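Trainee: Here it is, the structure, as C-alpha cells.
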C-alpha cells in the first residue's frame, strides 16, 4: 500500500483541448441533486448554520447541516422544503437518534440527505443506524462515516449506505491522531485511494484539504465529493465568532470533538484556532470553481472525469520547495 498525502503528489498535465476554462463543466450529480462543484463545507458549528445552508442550496451547492442542535432539525427540514430546497441533516447513533428517525417518518418529514456523523464510523451501531434509516426512510440518501479502510467502506455499503465519508483525524482542528495514535492524518490521500478502490458507491474525502489544488487531487484518487473545513472558516457568512487581535480580524474555528463544541473536557479530539477573516464565501466558492476548471484543463478534458485518468508523481513533501503555506 502506498502511503502519501496531498503535499506529496503532483498531477502530470495532458494536452489541453479547450480554448477557455469557461468551456469546462465542474458539476457533479450526487444523490438526487446536481451541484456546481464537488465540494461541501464541513458539517461543523463554526462552518455551517441555517442561513448559510439556505444560501448554499439556493445557489446549487451541497451542504450538510451539523447535528449539534438536534431539537431544531425537524423545523429545519420543514423550512427547507417550504422553500423548495433540499434538506440535508446529520444524525448521531445514540438511542434517541433512532427514535428521531422514527418521528421523521411519522411526521412525513423526509430529508433528501442524512449523514451519520461519528468519528469512528466502522462500528456496529453505525451499521444498525444505516439499516434503520433505510427501513424507515428509504428515500433518503444516506452518507455514513467516518472511515479509513476498505473493509469499513465495504461493510457500510453492504449495510445500505449510499455514500461513505473517508477521513479519520486529518483535519486542521482534529487531534485524533495525536490523542489516540489512530487515523489517516499524514496519509489521507493514500487512505482515500485505498478506500476508493473498494467502493462501488460515491466516496466523500473528508479532511486534510489545504489548497484548492487538493480538490483536484481528491477527485483523481477516487472522491466524488470533497468535504472541507478550514478553507470555509473565517467568512462573513461563517457562524464562528468574530474576534479582533492586534488590529486584525479573525473568526474562531473548532473541531466537532473539541471542548469548545462539547462544553466539557471529556474525550476531547479537537482544538480551537483563529482563522483570518476572509470576506464573502461566494468569492471563495467562485475561486474554487475556477481553479477546478483550470485543473480539468491541465488534465486534458472538459469534465471532472478527466481528472481520474491523469498520471501523477510522488515528490515527498517538496512541492512547496520549503515555502510555508
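Indices start at 1 and increase along the chain as displayed.
Yeah, the Cβs are placed from backbone N, Cα and C, and that goes for glycine too.
From Swiss-Prot, for reference:
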type	residues	note
ACT_SITE	174	active site, thioimidate intermediate
BINDING	203-226	NADP(+) binding site
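Could you place these features in context, so I can see how deep they sit and what lies close by?
Mentor: Over all protein chains present, the Cβ of residue 206 (NADP(+) binding site) has 32 other Cβ atoms lying within 10 Å.
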Trainee: On a simple 10 Å Cβ count over all chains shown, which one of the binding-site residues 212, 218, 224 is most densely packed?
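Mentor: Of the binding-site residues 212, 218, 224, the most buried by Cβ count within 10 Å is 218.
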